[in-house]
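Q: Taken from Swiss-Prot, the feature (6S)-5,6,7,8-tetrahydrofolate binding site applies to 110, 111, 112, 113, supported by sequence analysis.
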């Protein structure tokens, strides 16, 4: 089939690679978001998907307004049989959805109808899900609500960050997307409506939602930090200093040195503990402003923290 691939960030790359390498399909163009400012100098940089397309000599489509009359006409001229989508980053109008005869097939990183929305991987980890997955479905105007072609499941590990889990789902999801496109091409796949029960929503992660709430139970603090690692990164205030924090370890044994109130920090010879709504957690890494991630105990010694000090 003639395919247009729509995607932007790094997790879309395994899917694009598989479709480029497939002998059954021809990726005639790649749709991605316009170049965005990156780095300290803010110089515009092509998206990861754009860079891969350029390496393979595939025409790039980077409209500022993908639902404009001009772009609808441009896509119509390409006459794609199907459009495959992985994290493109924009809502699509009904006119655009109607262009390819087999529609737009999206790879979503959850087991729909669970975790519809922008941050399904983060939501699954924060909620303590033990199993998640990826779903291919037909895009329709309502958010992530279209009929399902296929799913693949993935175990959520106790130490998974969003980055870890997304990397695995990107690989297994790419294989699922290729199988789905193959099945649509040969007529062996039929989409099944999503159930009306079990719908949950995963809204976009905001800077404020990534702030650590030390008043929550330790296991919840742990999950919520891992859910926003590496991006945008969990953060907290220590005095007047805003720092990012990496994944933590729940450490009930630290209570032997006395209780810690939520947010209260205890600096040991080789450790930094913070109180939560239940048990203390041990900080692994801290990233001060303008610096790289570093060992939390090393940072605390260098910062010469004087107790009592708290995170908030």
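Including glycine, each Cβ sits where the backbone N, Cα and C put it.
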Q: If you count other C-beta atoms within 10 angstroms, which of the binding-site residues 111, 112 is the most crowded?
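A: That would be 112, with the most Cβ atoms nearby.
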Q: Using CB atoms and a 10 A radius, I'd like the single residue among the binding-site residues 110, 113 with the highest neighbour count.
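A: Most Cβ neighbours within 10 Å: 110.
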